[in-house]
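Q: So TrEMBL has the following annotated:
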type	residues	note
DOMAIN	1-65	domain 'U-box'
REPEAT	252-283	repeat 'WD'
REPEAT	297-338	repeat 'WD'
REPEAT	349-382	repeat 'WD'
REPEAT	383-423	repeat 'WD'
Amino acid sequence: SGEVPEDPVVSKKSGLLYEKRLIERHIADYGKCPVTGEALTMEDIVPIKTGKNVKPRSLTAASIPGMLGMFQNEWDALMLSNFALEQQLHTARQELSHALYQHDAACRVIARLKKERDEARSLLTQAERQAPLPASAVTAVSNGKRAFEEEDMGPGAKRMRHGVSDSIIAELTECNAALSQQRKKRQIPPTLAPIDALERYTQLSSHPLHKTNKPGITSIDINPSKDIVATGGIDSNAVLFGRTSGEILSTLSGHSKKVTSVKFVAHNDVFLSGSADKTVRIWRGSEDGNYNCRHILKDHTAEVQAVTVHATNNYFVTASLDATWCFYDLSSGLCLTQVEDPTNSMGYTSAAFHPDGLILGTGTIGSTVRIWDVKSRGNVANFDGHTGAVTAISFSENGYFLATAAHDGVKLWDLRKLKNFRSFELYDQDTPTNSVDFDHSGSYLAMAGSDIRVYQVGSVKAEWNCIKTLPDLSGTGRATCVKFGPDARYLAVGSMDRNLRVFGLPEEDASTES
């Protein structure tokens, strides 16, 4: 055969080596040895055992020309395989390009559909303004899935306002007189955290309260009687957090856009939230610890930027980018009056009641601070001097200091002389001050921007000293809101991440201090 035998046998007569299958066939055909010509039978054939582990080398690999031929064949096979892979890659690229084109076309279709949807909503809003819908009532369900809505006439619809009655004005005046009289006898509480304690404040805890896909806390408020911290987030939720327990007590969902302002109503289990979806919601706590949405207020036509509660705890005000502020009755959720100044077309970005309740301060997107007489709803003073939108307003408990924050920092105003007596330029021109807050005693002032700073309150002439600077540990460089806890024993801080951070004295230092 010219090859090494796979099943070798040997002849007893001649001693020659054969391939078994070939010699069997030859003996069957001729009956003699193919080499010597002697008579030969299968009995003369003896099999030989060989090792099967190592196969003999092929003839082509037994010489240099044969090996070169093998290498050439292997190279040709490798080139053919590479060519096939490149063809497959080219086909995959074509399929990917086609898929990307289809995705781009789908995005354009979705954008066009959204535009048509917005146009349809705009037409529907115009129709609702011309033809008001009848009043409807919806039963309240836990956490705002459904809520009682009165006269749901659509955004921007004109409503009949009940007005601020003489009895309400008398109630506001009586509250003002009582609080003013108490303020004259006001003393610093002995339980207030001292300056040396604030100097040692550090981060005590960090709590992820909001969603990771839409991080950011825009507003904070604290219920001092229950030590509950409320946060409003960009994820459109408001979260109630028990500081002592370290647990989320309730997550209030229902707004369709970010929550811009949250406020507790003191001595009532009522909570208010304002949102960029142009609505304000009134929540009331239930026995099971959940909060039910009792009213959805739709009197504004633009984002609601601020909610502030009157000292009587019976009324509250909302301020919006539609350049109006609304005065509400808390129990009924009715808008008693909506104030619009024809000389001002700039929307409101912040609002706060004076501690006595007869003065309302509002900050505008045009850097002006406007002071209102609540009884007459008249604009009695304007403070100019800021740069950029006024992001926060805080009245001191002493009754005559007002702190305002804007892009250029914080300004302090003397309400007795209606003038600015001190300015703090805290950060560079690209970093606005986002929040400012007096503690309840009026002894400390906190500011938040790229960090958090606490000042000791001085006077018009005396210096206001910075006693503590706390870093923004969120890593975003934007502390958006800050609030003093009871007796300034801790600071609650929100930033552009999802975490609520609490700063205060460590436990061992706090026990020593007490």
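From the backbone N, Cα and C atoms, a Cβ is placed for every residue, glycine too.
A TrEMBL annotation is a machine prediction, not a hand-curated record.
Since the structure is predicted, the reported quantities are computational estimates derived from the model, not experimental observations.
Each of the listed features needs to be described in terms of its position in the shown structure.
A: Remote same-chain partners of the repeat 'WD' (252-283), defined as residues 6 or more beyond its termini with a Cβ less than 8 Å from a stretch Cβ, comprise 143-145, 147, 155, 216, 218-225, 228, 230-240, 291-298, 300-309, 313, 316, 318, 320, 328, 330, 333.
Per-residue confidence over the repeat 'WD' (297-338) averages 92 (mean pLDDT, predicted model).
Nonlocal intrachain contacts for the repeat 'WD' (349-382), taken as residues 6+ away from its ends with a CB within less than 8 angstroms of a stretch CB, comprise 164, 169, 172-173, 175-176, 179-180, 183, 305-312, 317-319, 321, 325, 327, 337, 339, 341, 388-397, 399, 402, 404, 406-407, 413, 415, 418.
Sequence-distant neighbours of the repeat 'WD' (383-423) (same chain, 6+ residues past either end, Cβ-Cβ under 8 Å): 180, 183, 186, 349-356, 359, 361-371, 429, 432-438, 440-442, 445, 447, 457, 460, 464.
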Q: Are there residues at least 6 beyond the ends of the repeat 'WD' (297-338) whose Cβ is under 8 Å from a Cβ of it, and what are they?
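A: Same-chain contacts beyond the flanks: 149-150, 152-156, 159, 161-164, 168, 171-172, 175-176, 179, 257, 260-268, 270, 272-282, 344-353, 355-357, 360, 362, 365, 372, 374, 377.
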